[in-house]
Amino acid sequence: MLEKLFKSGVTKYLIAISAGVFLKLFALHSTMGIGDIFRVTFKNYLIVMAIMCLTCIISQRNRIRAMLIVNILISALLFIDAVYYGHFYTLIRAHSIYQAGQVRHVSNSIAALLNPLYFLYFIDSIVIFIYLFKDKAVIIKSTPKQRLATAVTLVLLISMITGMNLNLSKKTNGYFTPHNTGVINFHLYDVAGYVRKASLKTEHVQALAKFIEPEQNGIKYFGVAEGKNVFVIQAESVQNFVINTKINGQEITPNLNKLVDNESIYFDRYYEQIGWGNTSDAEFISHNGFYASRRVFSYKAYEGIDFITLPINLKDKGYNTIAFHGNEGDFWDREKAYPSQGLDEYISIEDLEVDEELGLGLSDQSFFRQSMDFIKELHQPFYSFLITLTSHHPFIIPEDLKELNVGEQYEGTSLEDYLQTVRYLDTQIGEFIQALKDENLYDNSIIVVYGDHKGLDYRYAEANEHITNLIGREYQVQEMYRVPFIVHMPGSGLKETISTVGGQVDFYPTMANLLGIELRSDSVLGKDLLNTEKGFAAIQNHVAQGSFIDDNIVFVMSEDGIFENSDAWDLKTGEPLDLELAREGYERAVAELKLSEYILQNNLVPLVHEKGIKGALEQE
């Protein structure tokens with residue numbers, strides 16, 4: 001009987017495919033460092049087997065082909081996940097279908113992430129396909145008993161999977177990550193979560209309510225830059241460790257260092273908080289004072305929402321608003337999104353002469369030079385938002401534009417590639433500031449520079465080692481997510497370094513204060529860093545939800561979603577801390593992220609600005 005069944009063809013292919021699936025899942029889970037790897041892999045394997053069982057509704061002649069197609073699709077998914085995880089340390093999300101059109105913009109970056117070993121995920125499909133082409137196996141029709149056995153097996157598999165997932169949900173309070181669910185299971189939860197609208201629990205409002213600061217009178221620095229032109233430079237991949245740091249005796253960022261040291265407020269404990277939209281999410285958070293979407297890049301997730309942003313506030317005060325970028329106008333849907341963000345004019349690569357390309361688009365030198373041609377014609381006052389590009393991964397710059405001699409220790413490393421592009425950007429910022437002086441725009445303007453997100457991940461062993469050596473302290477989470485935020489105000493006489501912890505969500509209320517814009521303290525989730533008493537930054541992407549940094553604690557939520565398995569340490573000393581010291585901050589981080597998503601998805605921004613968060617939620 002077994003011999004007859006094996007000769008039927010289906011069984012031997014099912015065995016071969018199922019073995020290949022298990023090994024591929026195990027390989028990727030091993031790469032991800034999943035703790036309970038056998039249990040997680042087995043659970044995901046059961047899901048695939050349940051899918052395979054569904055092929056019983058297909059004729060015997062086509063069933064093998066159907067199983068092979070399923071196997072190829074799973075191989076493709078694992079391949080994409082492996083590439084994505086290799087850079088972002090998480091799995092690709094369902095919303096990425098909306099970002100398929102963005103691939104052409106970052107093809108160089110994607111090519112740099114490919115590892116030939118990833119193609120091994122297809123090897124079993126290739127072998128099976130060749131064997132199937134040559135195989136002359138006898139096709140035997142399935143009997144009613146066999147079909148019944150398949151149906152029973154499918155029910156048992158689904159029951160086992162459901163039971164295991166219910167048990168996991170209890171352990172993690174319903175928080176699922178790639179590390180506690182595994183690859184296939186995570187994608188199923190991701191799809192389900194994508195179509196489900198955000199809900200809000202009472203405890204999330206209560207968790208946040210105690211941190212809402214009362215209105216203040218006579219707040220520090222209110223209106224000191226009122227009426228000035230505003231230049232905001234969103235500096236691609238610039239991390240804070242380059243500021244005032246030397247390599248081989250040379251300043252990495254001499255021009256940014258000059259800004260910090262002359263009539264500037266420098267926030268040296270400022271952190272990125274981007275979502276899946278990376279650079280575009282950095283600008284979304286900064287302009288809105290709410291967090292990026294956890295489902296898809298924010299300009300897509302929140303289409304049709306009524307926003308109140310920093311550019312909109314400035315327009316109400318008579319400002320003209322304009323944005324510049326050296327890439328295509330539809331990148332991250334900016335062309336569609338900017339009008340609702342209050343940016344009336346958008347100059348992209350289609351409006352510029354492509355006279356010098358570097359990395360992903362127009363070189364920063366050409367970008368700043370051509371942007372000035374538009375800027376000097378603007379009616380004042382204006383808000384000018386400039387997004388740089390050359391220092392984007394994979395940090396490509398020709399030899400003749402490399403300004404740093406990094407020495408033998410760092411030559412040819414990823415750190416050198418990164419630092420050379422950052423130095424190049426720094427030089428262009430210096431030339432741009434000189435151009436402002438030449439056009440008599442400098443004295444009546446403020447110049448703001450902030451980094452959009454990290455450039456080098458601390459989980460890259462080589463980069464970690466080299467950065468640790470360069471900065472003289474361990475390159476950890478709090479250093480990786482730390483980006484500069486500099487507000488240079490010529491003629492102000494101000495020179496101050498503020499070390500209160502903050503994040504990009506704090507940009508809007510902080511800038512509003514300097515520009516004389518009155519905001520309720522509870523109208524956004526960010527805080528005015530010039531006046532807040534306690535610093536806090538929730539980190540939401542590429543780490544588990546609930547992670548945060550405040551003035552004393554760094555807390556990284558465990559990838560398995562279990563609080564007790566998390567890590568907490570002292571921000572200044574690096575010494576491990578009792579996890580209970582981080583529980584309140586963890587609850588606040590979760591509350592802020594969920595509140596932000598709820599407010600934006602339900603189009604409550606105008607109501608929140610009018611009545612505050614609690615008042616808006618009570619009325620809603």
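Every residue number used here counts from 1 along the chain in the order it is shown.
Glycine too: its Cβ is placed from the backbone N, Cα and C atoms.
TrEMBL: automatically predicted annotations, no manual curation.
Here TrEMBL has GLU236, ASP452, HIS453 binding Mn(2+), and the candidate from THR279, THR413, THR421 in that same listed site is THR279. Counting every protein chain shown, 26 other Cβ atoms lie within 10 Å of the Cβ of ASP452 (Mn(2+) binding site). Taking CA atoms as the reference points, THR279 (active site) and HIS392 (substrate binding site) are 10 Å apart. Same-chain neighbours of the transmembrane segment (66-90): 13-14, 17, 20-21, 24-25, 28, 31-32, 48, 51-52, 55, 58, 110, 113-115, 118-119, 121-122, 124-125, 128-129, 132, 178, 183-184, 187, 393, 457, 459, 542, counting only residues six or more beyond its ends whose CB sits under 8 Å from a CB of the stretch. Of the candidate binding-site residues, GLU236, ASP452, HIS453, the one lying closest to HIS392 (substrate binding site) when CA atoms are compared is GLU236. Other residues of the chain with a Cβ within 8 Å of the Cβ centroid of GLU236, THR279, ASP452, HIS453, the Mn(2+) site, are GLN234, ALA235, SER237, ILE274, ASN278, ALA282, ILE387, HIS392, GLY451. The average pLDDT computed for the domain 'Sulfatase N-terminal' (228-517) is 96.
In the three-state DSSP scheme, THR279 (active site) is classed as helix.
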